[in-house]
Amino acid sequence: MQSSDRDLSGPEASPSVMPEVLSECSPAPTKSTAFDLFNLVLSYKRLEIYLEPLKDAGDGVRYLLRWQMPLCSLLTCLGLNILFLTLNEGAWYSVGALIISVPALLGYLQEVCRAQLPESELMRRKYHSVRQEDLQRVRLSRPEAVAEVKSFLIRLEAFLARLCYTCESAYRVLHWENPVVSSQFYGALLGMVCMLYLLPLCWVLALLNSTLFLGNGEFFRVVSEYRACLQRRMSPKQEECVCEGSALQDAGGRAVVLDSTPAPTPTEDLTPGSVEEAEEAEPDEEFKDAIEEDDEGTPCPAEDELTMQDNGFLSKNEVLRSKVSKLTERLRKRYPTNNFGNCAGCAATFSVLKKRRSCSNCGNSFCSRCCSFKVPKSSMGATAPEAQRETVFVCASCNQTLSK
């Protein structure tokens, strides 16, 4: 400890020498520049203003390629193809000079004719999103600045996400992660090289232009819409022709039927009422069964009132139960499960003589022979007192099931 104290108290560690040594060893501290996020937003807006003409041009090209106005897109495609195929070398140089001179002239006229607005007018109108000078002059409030920063961050995040997705897609194509897409990409490149070598430049440009306009999905969408419109315009005429043809066929069929019917004798009366009376005069078994079924299925209200008077001791619940059982039976008869026109038992085809009869239990359609078994309604779960004596028609299988 003493030796160290002596070393520090020696001439090498004198106070006059120490500041010089420290000044030589430590560099001067530099002032760190602070990061201003709002200045970044202003720079981004200036960049948007600079690139606004290019953005408008891109929007116009996309508008034409998407066939939003089919006539303009078609005229543009045809006009560009004609220019590519007909212009010679001198004409191309003239077109290039025109493309250079027109933006220069427009920029000069815009700068000359622009009105100089005072700062107070800029502050009053909040004209900060039009020109870069306005962005430098106008002072935004804190909420407006925060909103601008948030909007910038959202756009930046979306741009970075799209850029990352594009890079990943290119990486997959270059590394053959999807062989089909990679083969298509390299095949297209080789085809373009061969096309540039074999065909003139004007033909290459015409083919490229036609591919851009006619090879996208929007073109096929427009074509399908126009095709559907033409079909709708032509369909009324076709419908009129079809209606006329069907009317002629109906008229011819009626004439044939009238010719084939025998001539009535003077003693016969062929009015609808007399025909029905003649048909109902001698009903066979099937008609008798059908008539019995209809009579039993639709009882008259007078009989219901009489039964209610006779059975005065019935409660309201029993009356409701009887009505519910009748309604379910009618629904079963009205909506049979077999609607194919054949008997579910013997497969006989229903006709005027072979009438359809629905089983009151399963609801299937049978002929009068297969559905000729009568069982009381109480066997199917009906609780009304009338169900003990009322019977309904069921099929053979349901009769066996209900009889057990």
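Backbone N, Cα and C define each Cβ position, glycine as well.
What you see is a predicted model, and the numbers here were worked out from it, not measured in a lab.
Matching 223-229, 251-257, 286-292, 370-376 against Swiss-Prot, the residues noted as region 'Necessary for interaction with VAPA' span 286-292. Per Swiss-Prot, the listed range annotated as transmembrane segment is 64-85 (candidates: 20-41, 64-85). Within the chain, the topological domain 'Lumenal' (86-90) has long-range Cβ neighbours (under 8 A, six or more residues past its boundaries) at 202. Within the same chain, residues at least six positions away from C343 (Zn(2+) 1 binding site) with a Cβ under 8 Å of its Cβ are T349, F350, K354, S365, F366, C367, C370. Taking the mean position of the Cβ atoms of C343, C346, C367, C370 as the Zn(2+) 1 site, the remaining residues of that chain whose Cβ falls within 8 Å of it are A344, G345, A347, A348, F366, S368, R369, C371.
Under DSSP, residues within the topological domain 'Lumenal' (86-90) fall into helix, strand and coil as 3 helix, 0 strand, 2 coil.
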